[in-house]
Amino acid sequence: MLELLYTALLYLIQPLIWIRLWVRGRKAPAYRKRWGERYGFYRHPLKPGGIMLHSVSVGETLAAIPLVRALRHRYPDLPITVTTMTPTGSERVQSAFGKDVQHVYLPYDLPDALNRFLNKVDPKLVLIMETELWPNLIAALHKRKIPLVIANARLSARSAAGYAKLGKFVRRLLRRITLIAAQNEEDGARFVALGAKNNQVTVTGSLKFDISVTPQLAAKAVTLRRQWAPHRPVWIATSTHEGEESVVIAAHQALLQQFPNLLLILVPRHPERFPDAINLVRQAGLSYITRSSGEVPSTSTQVVVGDTMGELMLLYGIADLAFVGGSLVERGGHNPLEAAAHAIPVLMGPHTFNFKDICARLEQASGLITVTDATTLAKEVSSLLTDADYRSFYGRHAVEVLYQNQGALQRLLQLLEPYLPPKTH
């Protein structure tokens, strides 16, 4: 009964979704494009019979990059289709893989749209990153006997409590999933408590630890640092949300009193916020350039606004330390491991529930510092910039946490082998 109500409601609210897409398109025009894909209509043919991977957010897409590369290496003859839901996620997929994978939007969870999509792609295996439990998608895959694996699965206590209210509906949903590869024991236990069978759930660890700085990226970062700031300190604030840029800018203004040549790289989380961030910097009276301009910072440049896509790992490589946003406001924080991979200290606000386990490990190992406002942010950045040994201590411990927790990718690949043809590499 709940399935029918859910589907009927989803059809009824489609006009509201169109309005929302159109409104969001004011700041991000890409939201007004490719609507047909959201209903299973595609301009170009898709190669069937391969692997499909869905990642809803930018963070999940980034975590999936090593997995997709490993699958391409092991199964070069299988087409890989990567689906997302947002233009930002789409841009990340295209910048990471180009034409090496097929990329389209995953249709909304409507039976007819999903059937059109699955008829086109006809995957041998479907991977969903983290926790995207779409009832009609899961039902369609189950009916077609297509294996479904939730990779890098996580389930917060808050989300588990919400799902628990749906009782048998969620239990039936979970039992249609082939395998749940949980990030940790807590996540796995929550899935079992909601109705998944013990033999459906295994703990692999988090794929987010399986990132690395390639020699090519490191060399590019060194070159850019020499061009931008050969003799001045640099800090970076990334994935910032509304309400955080003003805090970062206030901290930077205070820091400039002590470090007059300090350079800030400010990277908002969403492209539609780039103009707002630029306005805030301008209103603060700070000298700035944008990354998209291609300009090189002069000695008087105080801020570089990172308004390009797909360059976050490169920009981390330029910085002496990093603040990771979504954490001073209640967004749950963003991935601190991308900064840790560069062996630089990581600062975050108190709201890190999206990365609770990772942040706890970093903080326990002295790789993460928690700040609460502009004053504490400026104070901690000042301490790190003043003392090179202190800065090195936190950076070294941050990257050690990364290395010590790697291995989830290989464990997951082994679990996927029974559902795929024999690997060729």
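Numbering starts at 1 and runs along the chain as it is shown here.
Here the Cβ of each residue, glycine as well, is placed from N, Cα and C on the backbone.
Since we're looking at a predicted model, the values are computed, not measured.
The transmembrane segment annotation in Swiss-Prot covers 3-23 and rests on sequence analysis.
Counting only residues at least six positions away in the same chain, the Cβ atoms of GLY89, MET129, GLU130, ASN152 sit under 8 Å from the Cβ of GLU60 (active site, proton acceptor). Annotation comment: Swiss-Prot describes GLU60 as active site, proton acceptor, evidence class similarity to another entry.
Under the heading site 'Transition state stabilizer', Swiss-Prot lists GLU130 (among others), citing similarity to another entry as support. Of all Cβ atoms in the shown protein chains, 24 besides its own fall within 10 Å of the Cβ of GLU130 (site 'Transition state stabilizer').
A sphere of 10 angstroms centred on the C-beta of LYS208 (site 'Transition state stabilizer') encloses 25 other C-beta atoms. Secondary structure from DSSP puts LYS208 (site 'Transition state stabilizer') in a helix. Under the heading site 'Transition state stabilizer', Swiss-Prot lists LYS208 (among others), citing similarity to another entry as support.
Around the Cβ of PRO268 (CMP binding site), 25 further Cβ atoms fall within 10 Å across all displayed protein chains. What Swiss-Prot lists as CMP binding site is PRO268, ARG269, MET309, GLY310, GLU311, ASN335, PRO336, LEU337, GLU338.
Only residues 6 or more beyond the boundaries of the transmembrane segment (3-23), in the same chain, are considered here, and those with a CB under 8 A from a CB of the stretch are 31-32, 35, 108-111, 135-136, 139, 169.
Whole-number maximum of the Cα to Cα distances across the CMP-binding residues PRO268, ARG269, MET309, GLY310, GLU311, ASN335, PRO336, LEU337, GLU338: 18 angstrom. PRO336 (CMP binding site) is 9 Å away from LYS208 (site 'Transition state stabilizer') when you measure Cα to Cα. Shown are the binding-site residues GLU311, GLU338; of these, the residue with the fewest other Cβ atoms within 10 Å is GLU311.
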